[in-house]
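Written below as C-alpha cells is the structure these notes are about.
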Amino acid sequence: MLSREQGNDVGSHQNCDTYAWFSQRAWVEIDLEALSHNVQQLRQLISEHTDLMAVVKADAYGHGAVTVAQTALKSGANWLGVATVPEGIELREAGINAPILILGATHTLEQIHAIAHWKLQPTICSPKQALVFSETLGSIDYSSSIPVHIKLDTGMSRLGTNCELAGNFVQLVQSLPHLEIASVYSHLATADSADPTVMHLQHQRYERAIAQIKEIGIEPSYLHLANSAGTLRDQNLHYDMVRVGIAIYGLYPATYLREKIDLRPVLQVKARVTQVKTISEGTGVSYGYQFIAPRELRIAVVGIGYADGVPRNLSNKMQVLVRGKRVEQIGAITMDQLILDITDVPHIQEGEIVTLLGQQGKEKISADEWANQLNTISWEIVCGFKHRLPRVAVM
Ligand SMILES: *Cc1c(COP(=O)(O)O)cnc(C)c1O
C-alpha cells in the first residue's frame with residue numbers, strides 16, 4: 001500500500017526510483033480513502049434503517065473486488081452485490097462474510113452447488129428457475145433452505161418476471177422446498193435521466209406488485225429498487241436497501257446529480273514516460289501517420305496502450321497530465337504505448353509519471369471526460385482497464 005503523498009506524486013523523477021512499484025510501466029491507483037468517503041456520504045444520505053449494498057461486480061467496476069469490498073464494508077456498507085458465482089466465491093475465499101447477492105442469472109447444477117456451499121444468495125427471475133433451484137437442492141439432499149431474492153421486471157425488460165404476475169410468482173417460490181424468500185426487488189432503467197416519467201412509472205408498478213403480494217397474505221420482509229441514480233434522486237426509492245455501484249467509485253450517474261452529494265473519484269490511471277526526443281517539422285507519428293508534426297516538436301513516449309484499456313478511439317483526441325499540466329496525445333494509440341506532444345513542457349524526463357485519469361495539482365481528467373469523448377458512459381470506461389495494469393491501493 002502507498003501513502004497518499006506517494007500516490008499524489010506529480011512525477012518528479014527523483015522520488016520515483018525509491019519505490020519498487022515504480023518499476024511498473026503503468027498501473028491503476030485505487031484511493032481507499034476516497035472510497036471510504038463515498039460510502040460514508042451515501043450512508044449519511046440514506047436512513048439508518050436502510051441497508052447499503054456495495055455493488056462490486058466486474059471486479060468492482062475495474063477497481064479490484066476484494067479490496068473494494070473490504071473497504072466498503074468497513075465504511076458502512078452491509079451487503080455486497082456481484083454478477084456471477086465466481087465473483088462471489090472470490091470474495092468468500094478472501095474471508096469476507098457479509099451477505100452477497102448474485103445479481104445475474106444462475107441455473108446450472110454447478111452454480112447451485114456453489115451457491116449453497118459458499119452461502120451466496122441467488123436472484124430468482126422466473127418460475128422455471130425457482131423450480132430448478134428447488135429440485136436441484138432436493139436432489140443433493142440439501143437439508144435446509146437457501147435465501148433467494150425474487151426479481152420483478154417493472155420496465156427494464158432485462159431479468160425478472162413481469163411485475164403484473166408478482167403474486168403468483170411469489171406464491172410459487174414460497175411453496176417450494178429449500179427456498180426462503182429473502183427479498184423482492186426490481187431495477188430502474190432510466191433513473192439517471194433528467195425526465196423522471198419512466199422512473200415514476202416503474203416505482204408505481206413496483207408498489208402495485210408489492211400490494212398484490214400482500215393481498216395474498218405474503219409479507220415480503222425486504223424490498224429494494226434503487227441503483228446509484230435512484231438513491232441520489234429520491235428517498236422514496238430507498239426501501240430496505242439501496243444497491244449502489246458507480247457512486248461508491250466516486251462517479252456521478254448524471255451531471256445534474258452532483259449537487260446531491262460530495263463524491264471523490266477512486267481510480268487513477270498512471271504510466272511512465274519511457275523515451276523523450278525531438279522530431280522535426282513534417283515527421284509522421286505512430287501507425288498510419290494520423291499525426292504529422294506541424295513544426296519541430298518535443299515528444300514523449302508513454303508505456304500504456306489499448307491493450308491496457310486506453311481506448312484506441314481516443315487517438316489524437318485525448319489529453320494527459322504531466323507536471324500538473326494538460327498535454328495532447330498525438331498519433332494512433334498503439335497496443336502498449338502512446339505518444340505525447342510535450343513541446344510546452346520540454347524538460348520532462350524519462351521515468352516521469354503521466355496521469356491519464358486522475359488529478360495532478362489543480363488539473364483533473366475524469367472518466368466522464370473520456371466517456372463524453374467516446375459517446376459512452378463512465379461505467380464502461382472504468383470497467384475497461386485490463387488486468388495487465390496492477391491495482392495499487394493508496395491510503
Ligand atoms: C449494476 C447494478 C446496480 C448498480 O448500478 P449503478 O448504476 O452502478 O449504481 C444495481 N442493481 C443491479 C441489479 C445492477 O445490475
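Just so it is clear, glycine is given a Cβ too, placed from its N, Cα and C backbone atoms.
TrEMBL annotations: computationally assigned, not manually curated.
Record features, source TrEMBL:
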type     : residues       : note
ACT_SITE : Lys57          : active site, proton acceptor
ACT_SITE : Tyr287         : active site, proton acceptor
BINDING  : Arg158, Met335 : substrate binding site
DOMAIN   : 266-394        : domain 'Alanine racemase C-terminal'
MOD_RES  : Lys57          : N6-(pyridoxal phosphate)lysine
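A straight line from the CA of Lys57 (active site, proton acceptor) to the CA of Arg158 (substrate binding site) spans 17 Å.
Here the domain 'Alanine racemase C-terminal' (266-394) is broken down by DSSP into helix, strand and coil counts: 23 helix, 52 strand, 54 coil. Taking only the Cα positions, the spacing between Met335 (substrate binding site) and Tyr287 (active site, proton acceptor) is 11 angstrom. Between Tyr287 (active site, proton acceptor) and Arg158 (substrate binding site), the C-alpha separation comes to 41 Å. When the recorded positions Lys57, Arg158 are scored by other C-beta atoms within 10 Å, Lys57 scores highest. When secondary structure is read from DSSP and collapsed to three states, Arg158 (substrate binding site) falls in the coil class.
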